[in-house]
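Notes to accompany the following structure.
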């Protein structure tokens with residue numbers, strides 16, 4: 001079973017608008033300053049990559065047990081080989097799936113990145129892309145393609161690293177690590193901009209429930225939950241750095257420019273402290289993760305119960 005995001009706006013609180021006399025506006029209709037284009041490109045790219053993978057999979061010429069044979073070389077592997085209507089595990093591995101042995105021993109570092117563009121099947125692809133579009137478009141419209149695109153790519157990379165540190169006898173593919181990065185960024189955005197929201201408790205509870213349910217589903221087969229956790233943590237820390245809002249008083253003073261106006265700091269002390277802590281933790285975690293990975297170490301040696309956080313099998317879909 002695949003993890004999916006609930007179709008609810010996790011930021012259900014209300015945000016004060018300094019340009020509207022301090023009145024509140026619902027977070028479901030935020031101030032959209034950018035047109036979303038990077039997320040649609042991401043969705044299209046994932047679909048194109050899946051078609052290319054199916055072309056090279058060419059099931060009819062490699063197996064006698066294929067589904068939807070009328071599709072020719074785009075037909076699917078049997079349900080026994082892949083219940084998600086997609087290619088074989090061997091094809092995914094050749095095309096860039098996450099594989100610890102190839103990354104550590106053969107130095108194929110590019111797999112940490114390419115795995116997030118591969119999907120195990122049509123069902124897997126649709127589930128991930130619907131969630132990415134639902135969450136990502138809203139974030140991009142509010143914060144722009146540079147920040148959201150950075151969070152998507154870097155958090156996906158973080159998910160790949162954590163997955164390799166715990167799952168070393170399986171291959172893994174999927175965009176869920178990047179998707180969970182967006183969810184983590186939404187949570188940190190709510191926390192670092194806490195004073196700008198009304199109904200803070202409702203918004204926080206809704207978002208935590210969505211994340212908790214998805215992480216819970218990640219323990220079911222054959223989902224790579226470590227990629228989810230790594231992506232979420234990466235996005236959560238990056239959100240503090242990239243999704244911070246200036247104080248309303250600073251924006252009002254900048255617009256008014258009235259003589260004698262007391263200039264407020266752009267960010268309050270709490271926001272700055274959270275940024276500094278997030279920066280330190282992210283750099284330390286990212287660097288140490290890479291070092292441990294290329295040393296070939298297995299974190300299961302130090303955490304005897306961590307394997308329970310994710311289902312273990314030959315193939316992992318994220």
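Even glycines carry a Cβ here, placed using N, Cα and C.
Looking up the ranges 149-168, 249-268 in TrEMBL, the one annotated as transmembrane segment turns out to be 149-168. Taking TrEMBL as the reference, the stretch among 88-110, 272-294 described by the feature transmembrane segment is residues 272-294. According to TrEMBL, the feature region 'Disordered' maps to residues 1-28, out of the candidate ranges 1-28, 29-56.
Confidence for the domain 'Peptidase S54 rhomboid' (107-243), expressed as mean pLDDT, is 87.
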